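See structure below.
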């Protein structure tokens, strides 16, 4: 867009002696057109993407250790029979939310467990691709042996109205993991991600509030996602609270081993992933994985994790905190957990 503006300026300069009412009108519309283009790009970034094809979904990382129930090949103690053994199953557990809460970190940490096989990408089946059918969905899953758990994560499930009913139709016994984070911090992180892809967005405050510092704009997805109590209400129409585990995104950073212990307990697995697997990267401000056996170096999440947040005026932050406070307290009551956001 900058290039187009330069060309337009050059053309205007060459005709400066012939400026008339039409040219003046076009010039007055230029700022409006630019704003429309920027907002249009922002909306496009927020639109759901396409369904992945079965052939394009990355294969899951191979198990780092053999599960106790796996068969062993004769004469080769400690080695699984074949990497292609097992069968594709529907996930017994789903990480259903929330965006910018820590779902990618949780997935990568859980993939250290030998009894978890997880899809690396987000299939978006229950929100975008449901018409493709359950057979297509199962074809995306990694092969698992008896005793292993199939897992996938798509954070937008939590805020998709149809997702609970669809998941319940697949299996009412599905275990559901929700990673939640202070909704104000989460909204700013969401905005920062979009801003990195669409420079020139209006300010965070301009998007979060109508007419400057007017009412909070709950139509903006970055704000709406943080209404956790409202979304959970929809899920509880189909699943009892016992099917859920709510993971603190803040504690996933400050005490990853502790939160991973709770998740492993919830999934009925032995606590294999412990504090020996983590170290804190002060540069990123985030825990990273120590090098695994056979690996040459430690592994941190990608550059997009730990992305610096834009500066948001304190008045905007405080107004948003006040807005979320009653929703947070209701969420604490519903889950029986106080996440300490207030």
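Each position is counted from 1, following the chain as shown.
Just so you know, glycine gets a Cβ as well, placed from its N, Cα and C.
As annotated by TrEMBL, region 'Disordered' applies to 56-85.
If you look up TrEMBL, you'll see 56-80 marked as compositional bias 'Low complexity'.
The domain 'Sulfotransferase' annotation in TrEMBL covers 91-330.
A 10 Å cutoff on Cβ-Cβ distances gives residue 102 (3'-phosphoadenylyl sulfate binding site) a total of 27 other Cβ atoms nearby, all chains included. Annotation comment: TrEMBL describes 100, 101, 102, 103, 104, 181, 189, 305, 306, 307, 308, 309 as 3'-phosphoadenylyl sulfate binding site.
Annotated active site, for sulfotransferase activity per TrEMBL: 100, in sequence order. Within 10 Å of the C-beta of residue 100 (3'-phosphoadenylyl sulfate binding site) there are 23 other C-beta atoms, taking all protein chains into account.
According to TrEMBL, the feature disulfide bond maps to 288-300.
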Tally every other Cβ atom lying within 10 Å of the Cβ atom of residue 189 (3'-phosphoadenylyl sulfate binding site).
18
Distance, residue 300 (disulfide bond) to residue 308 (3'-phosphoadenylyl sulfate binding site) (CA atoms, angstrom)
16
C-alpha spacing of residue 300 (disulfide bond) relative to residue 100 (3'-phosphoadenylyl sulfate binding site), in angstrom:
17
